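Step one of this worksheet: look at the structure below.
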Amino acid sequence: MAAAAAQGGGGGEPRRTEGVGPGVPGEVEMVKGQPFDVGPRYTQLQYIGEGAYGMVSSAYDHVRKTRVAIKKISPFEHQTYCQRTLREIQILLRFRHENVIGIRDILRASTLEAMRDVYIVQDLMETDLYKLLKSQQLSNDHICYFLYQILRGLKYIHSANVLHRDLKPSNLLINTTCDLKICDFGLARIADPEHDHTGFLTEYVATRWYRAPEIMLNSKGYTKSIDIWSVGCILAEMLSNRPIFPGKHYLDQLNHILGILGSPSQEDLNCIINMKARNYLQSLPSKTKVAWAKLFPKSDSKALDLLDRMLTFNPNKRITVEEALAHPYLEQYYDPTDEPVAEEPFTFAMELDDLPKERLKELIFQETARFQPGVLEAP
């Protein structure tokens, strides 16, 4: 769920009810029938949107004297939701970058037993790229600037040895001054090309249209190049206001990709370690690559050259984030001295996939302790 999507949405005036917030007695504002226990610091709530396991509202922060986004998450009934919540909190509390959404505050009950919800406070961003592309055609200048910021943020993420794995327009938040921040790290993973993540053509949780082909074709090999493929899909969508590979299911997704890129070369096929996948591709009719200029006749030729290097079938030949930033299309913004990297690689102390939801709840409680009143953050 995008952490701070477009403001508005019209929840109307929030009702108030007497209650006890996360450690603070007083009134509790209601948003669309949902109590938001975030007072007295955060008031004047307005509904923004909601996802599978939470609602987002804007609120006035009486300490910072500005409006913020508050994501109410109620994940504790489901292991998967607990896992994503913990992973996002762990990552975002350690990340500091202008193009990555940060966490300003976290509110929750003062005891583990009483904790039913978690409230994550973040910067309020007026819209996201998905909504923007629904409403207008972007100029080349806007496309260039947004792409630069996506890659600048991704350079930082990748330098921490983290894969986002779910880059798509709705996870790119934008404000009125065209600042862009990457959000939603619930599916993020440590980069580990040796780990066996998924079998041949099994369904994958991230949004299908932005998936790299190797995710569907290989049982191993999550590398940073999967995020570059997603950015290529996003660039194509900015150029045309429509998804470039809108597959209805994973085989259809592959057919969309090959219908534009053409059939993979023998060298590219040799990189596919899964023989079942390789045999499937070899059984398909031969397809010729479609020229990018034919698909995007009005687009900047440098943009199309970069697009070609991102949407390369073979992940070993795909451009890296550092190379993409240095591409001529982005030369007006490129500044390696102002493209910071993480201070140290990110590591998860443990693999979260196999932990029960009760243990994940304990870890979320511990991870959010620093925001409790009277708690000093450990050095």
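Positions of Cβ are set from backbone N, Cα and C atoms, glycine also.
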From Thr202, Thr288, Thr368, the annotation phosphothreonine in Swiss-Prot is attached to Thr202
From the set Thr111, Thr207, Swiss-Prot tags as phosphothreonine just Thr207
Per Swiss-Prot, the phosphotyrosine among Tyr119, Tyr204, Tyr210, Tyr329 is Tyr204
What Swiss-Prot calls phosphothreonine, among Thr80, Thr198, is Thr198
Under a three-state DSSP reduction, the secondary structure at Asp166 (active site, proton acceptor) is coil
Mean per-residue pLDDT in the domain 'Protein kinase' (42-330) works out to 92
A correct count of other C-beta atoms within 10 Å of the C-beta of Asp166 (active site, proton acceptor) gives 21
